[in-house]
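Look at TrEMBL and you will find B:ARG129, B:ARG169, B:GLY175, B:GLY176, B:GLU208, B:ILE210, B:GLU215, B:GLY241, B:VAL242, B:HIS243, B:GLN285, B:GLU299 tagged as ATP 1 binding site. Here TrEMBL flags B:GLN285, B:GLU299 as Mn(2+) 1 binding site. Look at TrEMBL and you will find B:GLN285, B:GLU299 tagged as Mg(2+) 1 binding site. Look at TrEMBL and you will find B:GLU299, B:ASN301 tagged as Mn(2+) 2 binding site. Annotation comment: TrEMBL describes B:GLU299, B:ASN301 as Mg(2+) 2 binding site. Annotated ATP 2 binding site per TrEMBL: B:ARG729, B:SER770, B:LEU772, B:GLU777, B:GLY802, B:ILE803, B:HIS804, B:SER805, B:GLN845, B:GLU857, in sequence order. What TrEMBL lists as Mn(2+) 3 binding site is B:GLN845, B:GLU857. Marked as Mg(2+) 3 binding site by TrEMBL: B:GLN845, B:GLU857. Summarising the annotation, TrEMBL assigns Mn(2+) 4 binding site to B:GLU857, B:ASN859. According to TrEMBL, the feature Mg(2+) 4 binding site maps to B:GLU857, B:ASN859. The domain 'ATP-grasp' annotation in TrEMBL covers B:133-328, B:693-886. Residues or ranges marked as domain 'MGS-like' in TrEMBL: B:969-1111. Taken from TrEMBL, the feature region 'Carboxyphosphate synthetic domain' covers B:1-402. If you look up TrEMBL, you'll see B:968-1118 marked as region 'Allosteric domain'.
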Amino acid sequence: MSTTPPSTARPRRGAPEPAVLVLEDGTILRGEAYGARGARLGEVVFTTGMTGYQETLTDPSFAGQIVVQTAPHIGNTGQNAQDMESRKVWVRGYAVREASRIASNWRSEGSLEDLLVANEVVGIAGIDTRMLTRIVRESGAMRGGIFSGEALEGADEAALVSRVAEAPAMSGASFVDEVTIPQPVVIEPDGEAIGTVAAVDLGIKGATPRAMAARGLRVHLLPATASLEELLATQPDAVFFSNGPGDPATADDQVALLRGVLDAGIPFFGICFGNQLLGRALGFGTYKLKYGHRGINQPVLDVATGKVEITAQNHGFAVDIPVEGQHDAPFGDGRYGKVEVSHIALNDGVVEGIRCLDLPAYSVQYHPEAASGPHDASYLFDRLVDLVRAHQASTAGKDS
Amino acid sequence: MPRRDDISSVLVIGSGPIVIGQAAEFDYSGTQACRVLREEGLRVILVNSNPATIMTDPDIADATYVEPIDPDVIRTIIAKERPDAILPTLGGQTALNAAIALEERGILAEFGVEMIGASIDAIQKAEDRQLFKGVVERVGGESARSHICHTMEDCLAAAEDLGYPMVVRPSFTMGGLGSGLAYDEADLRRIAGDGLHYSPTTEVLLEESILGWKEFELELMRDRADNCVVICSIENVDPVGVHTGDSVTVAPALTLTDVEMQRLRDLGIGIIREVGVDTGGCNVQFAIHPDTGRIVVIEMNPRVSRSSALASKATGFPIAKIAARLAIGYTLDEIRNDITGTTPASFEPALDYIVVKIPRFAFEKFPAADATLTTTMKSVGEAMAMGRSFTEALGKAQRSLDVTSAVVDYSGEAPDAAEVDRLLEASRIPTDSRLVAISRILRAAAEGVLDPDQTIERLYEATAIDRWFLDQMLLIAEVAADVRAAEHLDADLLRRAKRHGISDEQIGQLRGFSGDVAKGVREALGINPVYKTVDTCAAEFASSTPYHYSTYDQESEVESREKPAIMILGSGPNRIGQGIEFDYSCVHAAIALGRDADQTGGGFETIMVNCNPETVSTDYDIADRLYFEPLTFEDVVEIYEAEKAAGPVAGVIVQLGGQTPLSLARSLQEAGLPIIGTSPAAIDAAEDRGAFGAVLQRASLPAPPYGTAWGLEDARKVAAEVGYPVLVRPSYVLGGRGMEIVYDEEGLADYVSRNLPESGRAEAPILIDSFLDTATEIDVDALFDGEELYLAGVMEHIEEAGIHSGDSACTLPPVTLGEAVIERIRTSTRAIAEGVGVRGLLNVQYALSAGVLYVLEANPRASRTVPFVAKATGVAIAQAAALLMAGSSIAQLREMGILPGSGDGGALPEDTPIAVKEAVLPFKRFRTADGHAVDSLLGPEMRSTGEVMGLDTTFPLAFAKSQLAISGQGLPESGAVFVSVADRDKRGIVLPAARLAALGFEVLATAGTAAVLRRSGVPCQVIAKASEGGPDGSVLELIESGRIALVLNTPSGTHARADGYRIRAAATSMDIPIITTLQEFQAAVQGIEALPEGHFEVRSLQEHHAFLDGARASEVRA
């Protein structure tokens, strides 16, 4: 057995530095400072995944949020460049029960705490994360703040609570400009290209273009501000809208862009935020869930096959569409034809996917790209390839 | 897909007696399955030879056959019951093997019985190494490089390719039996030789060593719509090389990133599909190279297993229950998650706590056995604990084991460099003491004697235990060091210590005061644990099931209640002497006390406390509330306080879980807990020789002369007064621990020198009893309410006094005892019950010698024989006991129908069938350090792991059934019998040997025994002793060549003579029936004579009990 030393040294022993987590309802949990010191305000949400903390932290959908990990031990395997799902950590504040003192994994390149400090994430450890989760479950996602270091010294509790209560709410919040890439990027396929996808980055995770590239698709990753012209200039065989943070009700520009794509008859696939935007483009509403779905154990029923897939989820909003039957898409005098719910969350019946019956467009609320999470839903990328091929066949016919 | 409507009855096969590798977990899974199938309206027929189980309770199945799990017997059951289907995936390897035999013999086809839950094809794909390797390859995984061998020549050729060390694994054996690691050719010859023998297909697999790799396991389920879920990931703290059953394990896995975890998940799901487990559960084991991440699939079990029981308790997801529903056609999404009550079972549990399991061993019972942990499972039980951190769960698991040396002792000095070096060297070899040794080394690092980082590296190099676990153990050591060094023990530091699992007792050691003082300080500072809930979903959804564990955190989830509650303390990890029988009694108490008062119950809220994941009692369905907690003073008191704050607590029961809760009785009472049933003072009176002697004297009951001694000198004096031979043992023991028969003063001196601490003065007195040679031993279970005695059962031992009652076969009703003796037993038992002050159960052991009924000992608690008595007599005596403790009287219980309206278990109807209880011994599991089998001699120290029951019209038939049930091969019908007896048995050997010769057996004997037989005209052949050798070969060669069908070898003198040992060891290795007492041999000959021409008749427990009820009713009328 080789004896590679651990990648990070154990911290010195001593009295832990204090930190507090404050909720807008006045709840205060006292723990130890973890990651960067300072003050961070955001919507407090919990995620139940037992693996994949690094993917969670670097998932842009968590922008603006304080994430509570229900799994008690965090940081055990350190961090590495491969498991970054985007260029940085987006989580604003981080609450854990037990922060690992060392990183132990052959792929580890450093400690998680170093990553948190480098990304200025203020964290707290040693608190009753289960109690916090139960509060969020019962009262709904709410605003909170983590305070440590100078931000905590001499601070009066009431003042902290009112700072939290004055913070902006998630409803009506937009983070698209913050998370999207500034310039288009092309991700080349593994092997020979079989088609092109224009992917609009609303907070995309690295695993999504990887899944497409693995299937021979060239991905043009476009900023969220891309116009229809810019999008069509990539000559896409399909268009993709990614996941991302914030309230879908604020994304009017992207809804308009998506309608242009549907009108052009280009196949469309959306994930998470992209699903909500397809819903809105078709004329349905979206609404905020009480405390959302965040975890990698979420059962989803594929209505067409009756099969269950275990999925990764991270959403606080959902599309408002009746689960049963086929419905006329309300927008534009029925020009988008009929729509049905394709996937349903088995835990609570929330809509997890929609499919247009008269257009080559479908989307899911959950994360078939996984990372972190199970690979059960990867077939949805195969379906994208099928649509690309069908589109190529039909346009080839027109051209000739 | 709804339930199939083409199945209306199903035969469930149980796992038989408790053996190492196949224990109480199958009672848990089998019970769950039977209950679910009945709820679904199916007629459930069960076969299981183990009477100690809840599963074989008559109200768990519609027809319960406590019969041998043997293809011929099962055929008879199938012919009688004509089930539509057979479910073999819930009874371990025993059930799978039985199902394969039924299929291969065409029995399933003959009666049109469908196998559900698994197919023969799937079982074979999973279990046949070569086929499984193909499976792994097809799903894109890797197996260790290997060769399949059928002969020793194959093995040696394979070794050329693989190099040493290599792993040897026999095909189709359970619990890894016969597998091991070969470091050189001699090892290979020995291990592979045994493996070829044990494998039913004479097949072993040799493979590249993955020793020291990280080891993981996934528990998966699949339904008939091909939905697959992973219920739990388990990580072994001990790396590859130690059987997973012997490893310290943790759930969920803690040292993998999501990328690796999903790779395991993909492989696991690929494998369950490719193997073709259509419905139900399986586990898949993986090894991961710690430096490269290379993944190797080790194996899969296409059935419910020990790990699935652990995973069920760890997650709250009841795998066996769900598997039973899937087997009859449901899909996962159609089944509700009982814990949340709202979400479906088609999900993967999320844990917000850490589970640690630690195995419990019994090496002290087998001093000759090599205690190195290998790929052959050797543990006899396990404890599980939960906490909100690994450190907390580890500390709780260690104290749950109920083994003093398993808990880190912080008293004294930190180890010096020399001790560290010694401990480090020792920790290279995995043993059950390794974890504590590592903690001791880390203490030196925490107290500044060693550099922490270097120490972790040295430990990693020595053990290959992941650095993360080592660092967590260092963290505990550091917190302990802080507690020791702190000027004042303030609230923050104390809370920190409690959060890392350090007990009050340990804090006392660190601060130089007692655990009680530590508890007082803790309480004064307002530091108490809170109770969290196991809810399958990390609090994402509300849970309706009060399945709790303690932790030092902020919020408690214990709900308040109105009804008075009774707390039942379970028995902790299974061990030899304290096993599933005690769990049976605890479960019955929960059932009876929890039943509504108008339905013959106690009408209480029931609270179960236990830490054994294998058991039925720790199923969240059994009691109203379940606390999965260590059974220590500290932990039990805290639960009591939390429950008292939630509502009234009417009582705490310590009498049913064996010695573990009983030993807490006095301190719990002093702490103010309302102990119900027999009082702690009365319990002490029964244990204390002086007080108990006075009870006997007052009742004029004779006891063998005895005395107590504290050192060698007074021991000599007492033994001389009492007269040799004497039975010596430490007081306060269960299972005859440390008990020996000593024939002379030399033997006594030897015993005392081995059992006294260096101080020369024992901590508890040594008991010295006169040993009644050739007495008939009688075991009695009774109930007493202060007024009336109910004699529940009288069992006559087949072996004479001197063999521990747990290892002795016995019959109920007694075969040779007359009515007058029974009446004396009844009045004596009553006098003892009254004298001691029993309320509830009482077990008394008597010896009948030359017409005198001596009292050997009395135990005012549930005994090992309670379930056997209940099944043999058709009376739920453990339920009755619980109700008595809660205040009912025997008269009331008779009226309620819990006890028979009149009469008792000592007066059974004349033609009552005979029930024989026979012990199952684990000798073939153990090897000495040089690789030989350990001695299989019986003695006053209990060594059996489990038991079977044989029920038939006569004693010989019932005995023959019991022999078939313990080994699967039963008594021989023909062949050669080898007899070699001690001088004292030479008179008794003649008749049975003559009978065997008359039945056509070839009788072989050593010279001395042969001379006796020849003089009596019994034809026999003289065989050279093991040490002699001769023209026809020695007895060892004959045994090893498989020429002998049965061996009788009774030991002579104080110590087993070398020759006898070698004979017994050879027979154990070859799995030849070996009998070591004359009485059992006589019974065996009776059984052989009675063996039926065709097949055994079978009778269900329900039929048996209906017969008894009918006979009792007609007696009342008469």
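Heads up, the Cβ atoms here are built off N, Cα and C, so glycines get one too.
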Within 10 Å of the Cβ of B:ASN859 (Mn(2+) 4 binding site), how many other Cβ atoms are there?
23
Per residue, counting other C-beta atoms within 10 angstroms of the C-beta, which of the binding-site residues B:VAL242, B:LEU772 reaches the highest number?
B:VAL242
Between the Cα atoms of B:GLU215 (ATP 1 binding site) and B:GLN845 (ATP 2 binding site), find the distance and write it as a whole number of Å.
47
Any idea what the Cα distance is from B:ASN859 (Mn(2+) 4 binding site) over to B:GLN845 (ATP 2 binding site), rounded to a whole Å?
9
At the Cα level, what's the spacing in Å between B:GLN285 (ATP 1 binding site) and B:HIS804 (ATP 2 binding site), rounded?
39
For the C-alpha pair, I'd like the distance in angstrom between B:ARG129 (ATP 1 binding site) and B:HIS804 (ATP 2 binding site), rounded off.
41
Between B:ARG729 (ATP 2 binding site) and B:GLU857 (Mn(2+) 3 binding site), how many Å separate their Cα atoms?
13
Spatial neighbours of B:GLN845 (ATP 2 binding site) among the binding-site residues B:GLU208, B:VAL242, B:GLU299, B:ASN301, B:GLU857, defined as Cα within 10 A: which are they?
B:GLU857
I need the CA-to-CA distance for B:GLU208 (ATP 1 binding site) versus B:LEU772 (ATP 2 binding site), whole Å please.
56
Could you check the binding-site residues B:GLN285, B:ASN301, B:GLN845 and say which one's CB has the most other CB atoms within 10 Å?
B:ASN301
Using DSSP reduced to three states, classify B:GLN285 (ATP 1 binding site) as helix, strand or coil.
strand
For the domain 'ATP-grasp' (B:693-886), what is the mean per-residue pLDDT, to the nearest integer?
89
What three-state class does DSSP give B:GLN845 (ATP 2 binding site)?
strand
Name the one residue among B:VAL242, B:GLU299, B:ASN301, B:GLU857 whose Cα is closest in three-dimensional space to that of B:HIS804 (ATP 2 binding site); these are the binding-site residues.
B:GLU857
Could you say which of the binding-site residues B:GLU215, B:GLU299 has its Cβ with the most other Cβ atoms inside 10 Å?
B:GLU215
Summarise the domain 'MGS-like' (B:969-1111) as counts of helix, strand and coil residues per DSSP.
68 helix, 21 strand, 54 coil
Residues that sit under 8 angstroms from B:GLY802 (ATP 2 binding site) by C-beta distance, when 6+ apart in the chain:
B:LEU727, B:ILE741, B:PHE771, B:ASP773, B:GLY939, B:PRO940
Please report the three-state DSSP label of B:ARG129 (ATP 1 binding site).
helix
